């Protein structure tokens, strides 16, 4: 151990996707420790990537010296894709096991994480085993959380099969579970070793789940992605899904440029602050109100995207009331959200409890209620605070304007 100077100590496996260094500076009375971590991984986007999963995994497995895999999926996605994914991974020579959990937001819980820890222990999973999250945003969040906490961190791969997972949940390294008092209150940052996004998987989703993910794409458009809003306006939304067998194909074709654009914008915004230490985050557009709705209804009345859509409409109306957004812009946003079959109004019976959630957020953020508000179709700003009167007026304005925009 050095007594003076600064000594870097490199991670022992510099070939790993997760590299780091530690530097010491000090002497007999103590040390200053500086730790740097570097994570490197690829996000592979394209139709047919699921069929190439084994090929895509080989370099990841080699870098981690991984020798086995555990797929974690849910009872909706598993019957569709678990067999294919198992075959593709088995082709690499790695033994594969599969764990199936109940689908839906209630599985994103510490209780479910505990059950998965128990399963991994019972299956003698070691640090050279990698996990595969096969599913939507809930699976990606949950499996990432289990991966970072089990044995102090094992590798994992996100194979996102839902639009919400593809444009949001699988991207950025945020992992965690919900608490009974709020969404995503338990978790951290732990990047995957690979993200695989095959838009063809969207054809097997219920239309409601596709719509759920579209809300996040609208959010990304509004915070500053020129042209994305217009692409969303042109999306073909069939009322006959899935009876109209061509409808999923048309929608997937329309989403072709939207998925990488949404991912790219999210990563661009995360680049200067990947661990989100700054509370002023444009990516929170619609989420303050949205999380309030989800918590108030115990995560069962609204899908995440539906809650974000209502939150987006509400803060846009607040922005209109403040003179930051034109009524025409508000109407255009309401028109798109409703075209995508997303809800836009805070129900009367939930207005009070959502406001109380915002008040709680104010306490957590040192007395400041930070809200992201659109000022134009591709530009948003962050406002430091609003009043109860402004919130109530916005709820009324959305309720008033929405019928004519539907």
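Just so it is clear, glycine is given a Cβ too, placed from its N, Cα and C backbone atoms.
Taken from Swiss-Prot, the feature region 'Disordered' covers 1-21.
For 105-108, 137-141, 161-162, 174, 183, 201-204, the entry in Swiss-Prot reads NAD(+) binding site, with the evidence type similarity to another entry. Under DSSP, residue 203 (NAD(+) binding site) is assigned to a helix (H, G or I) in the three-state scheme.
Under the heading Zn(2+) binding site, Swiss-Prot lists 216, 287, 304, citing similarity to another entry as support. With a cut-off of 8 Å between CB atoms and residues at least 6 apart in sequence, the same chain places 308, 311 near residue 287 (Zn(2+) binding site), listed in sequence order.
With a cut-off of 8 Å between CB atoms and residues at least 6 apart in sequence, the same chain places 291, 294, 295, 299 near residue 183 (NAD(+) binding site), listed in sequence order. Listed in sequence order, the residues 164, 168, 215, 219, 286, 290, 305, 307, 308 complete the 8 Å Cβ shell around the Zn(2+) site centroid, once 216, 287, 304 themselves are left out. DSSP classifies residue 105 (NAD(+) binding site) as helix under the three-state reduction. Between the listed binding-site residues, namely 139, 203, the fewest other CB atoms within 10 angstroms of a CB are found at 203.
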